Amino acid sequence: MAEAAGEAGSSERDPDAGRARRRLRVLSGHLLGRPQEAPSTNECKARRAASAAGASPAATPAAPESGTIPKKRQEVMKWNGWGYNDSKFFFNKKGQVELTGKRYPLSGLALPTLKDWIQKTLGVNMEHKTTSKASLNPSEVPPSIVNEDFLQELKETRISYSQEADDRVFRAHVCHDDVVKIVNLACKYNLCIIPIGGGTSVSYGLMCPADETRTIISLDTSQMNRILWVDENNLTAHVEAGLTGQELERQLKESGYCTGHEPDSLEFSTVGGWIATRASGMKKNIYGNIEDLVVHIKMVTPRGVIEKSSQGPRMSTGPDIHHFIMGSEGTLGVITEATIKIRPIPEYQKYGSVAFPNFEQGVACLREIAKQRCAPASIRLMDNQQFQFGHALKPQVSSIFTSFLDGLKKFYITKFKGFDPNQLSVATLLFEGDREKVLQHEKQVYDIAAKFGYGFEFIAKRKYAEVVLASYRLYVSAGCIKFIVIYEMGKLRKQWLKESISDVGFGMLKSVKEYVDPSNIFGNRNLL
């Protein structure tokens with residue numbers, strides 16, 4: 001109180017000094033973020049103790065589950081693929097392809113032309129059937145290699161873990177501090193750690209090296225899935241790295257915000273995975289790639305914790321250490337928390353598409369859109385085969401009106417415009433933002449497209465989803481068209497890394513790895 005009174009008195013004597021102090025306090029708050037709202041060590045202990053109280057004596061402590069991915073993920077998720085156990089394609093009684101479950105717009109709907117397309121395009125004999133050999137039989141899994149001293153110390157930390165044959169996951173589900181303990185124990189006993197979040201890697205990034213002889217800890221971050229704070233003044237949110245994209249967007253939506261980052265893997269991929277793989281999203285034209293969204297990263301390494309000293313958007317203090325972390329693919333450490341930019345939910349969304357007589361005309365149109373810097377939130381160009389595949393994914397139409405409109409568009413494009421169905425190409429469009437600006441933006445894009453093809457609106461969002469299922473990712477940048485792959489190098493593509501970044505660049509990456517992780521604790525062998 002005395003200090004406050006003294007400051008008030010000083011401000012009265014020197015108003016400029018008072019204003020300066022107030023500004024410094026505001027700036028300090030912005031730069032430091034809100035660390036006081038992050039879970040403290042005591043809070044972590046309290047949460048762990050509370051979860052342990054309900055555990056049976058023979059079980060390891062188990063925290064309450066939350067988020068998209070359950071702790072025992074194989075009960076809900078596919079163990080040998082990407083997706084939910086209850087969502088799969090099958091042939092119904094009419095011999096038509098159908099998607100099971102109730103999770104997606106296409107669930108429960110027949111896809112009457114997909115079977116014929118598969119047979120015609122891929123030459124697959126759909127009558128030839130074999131029983132799947134993929135199974136998960138715990139009794140057939142070889143015994144695990146376990147360091148008993150490590151296991152004993154892990155039990156003393158009361159961090160939940162599993163040694164079951166179909167699981168074998170040591171989880172750090174409470175907070176950053178638990179990850180620090182696990183990494184320290186792994187260093188002490190020279191063990192191997194492979195971090196896992198949503199498990200959406202398609203480049204063998206999560207596969208255990210076949211010749212690894214050490215105990216491998218699969219460090220599951222999926223239960224570290226909270227938004228720790230939201231700063232509405234600076235439009236940032238501090239989140240735990242195991243939070244999936246769909247859960248992040250759902251929670252932010254409750255407060256009227258979004259990130260705008262929507263990779264194809266949004267449903268299951270995590271914030272930590274986005275950062276570790278330098279992910280891109282379909283709406284990057286407005287919101288940017290993950291490197292444009294990240295303000296702050298906290299990562300646990302064998303050398304200690306890496307993070308910047310402030311939450312400022314940028315620092316002119318030499319190379320940005322975030323760029324050592326982004327794209328590191330689990331080779332340097334475990335990302336535990338991140339501060340990311342958020343935006344108010346857009347007022348208006350509108351879907352559309354443009355048909356071109358051929359793929360070359362589509363490329364020319366996207367190039368012109370890039371030159372005029374008016375790319376919509378999302379724009380994807382599909383070649384004819386992708387278009388045909390997207391058309392094959394159309395569900396059976398129940399509405400006569402919808403069927404009539406679809407037929408009218410097809411007639412107009414093929415008969416009136418003269419487009420060859422076996423040559424035409426399609427670009428899908430998504431506009432979002434302020435309603436008036438969206439309508440102006442849409443007109444600008446369609447005016448350009450009219451020189452190359454024919455534009456039309458989608459009736460519903462589901463139609464957009466059907467086409468997107470078949471599309472590659474394209475984005476418009478610097479007046480050219482670039483095909484991109486949002487997935488990581490992993491072990492599948494690492495043979496081309498040196499060629500991509502030069503011998504010197506490759507040597508720099510190796511030097512960072514050797515300093516940060518000299519014992520190769522994070523030994524998934526991605527990249528290098």
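Each Cβ is built from the backbone N, Cα and C atoms, and glycine gets one as well.
Remember, TrEMBL labels are computer predictions, not curated facts.
If you check TrEMBL, you get these features:
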BINDING   195-201, 264-270, 277-280, 329-335  FAD binding site
COMPBIAS  10-19  compositional bias 'Basic and acidic residues'
COMPBIAS  49-68  compositional bias 'Low complexity'
DOMAIN    162-345  domain 'FAD-binding PCMH-type'
REGION    1-71  region 'Disordered'
SITE      Arg380  site 'Important for enzyme activity'
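The Cβ of Ser269 (FAD binding site) has 25 other Cβ atoms within 10 Å, all protein chains considered. Counting other Cβ atoms within 10 Å of each Cβ, the lowest count among the binding-site residues Ala279, Ile335 belongs to Ala279. In this structure, of the binding-site residues Pro195, Gly199, the smallest number of CB atoms within 10 A of the CB marks Gly199. Looking only at Cα atoms, Arg380 (site 'Important for enzyme activity') sits nearest to Ser265 among the binding-site residues Ser265, Ser269, Ile335. According to DSSP, Ile335 (FAD binding site) sits within a strand segment. Note: Thr331 (FAD binding site) has non-local neighbours Lys513, Asp517, Phe522, Asn524, Arg525, Asn526, Leu527, Leu528, i.e. same-chain residues 6+ apart with C-beta under 8 A of its own C-beta.
According to DSSP, Arg380 (site 'Important for enzyme activity') sits within a strand segment.
Note on the domain 'FAD-binding PCMH-type' (162-345): its mean pLDDT in the predicted model is 91. DSSP gives Pro195 (FAD binding site) a strand state.
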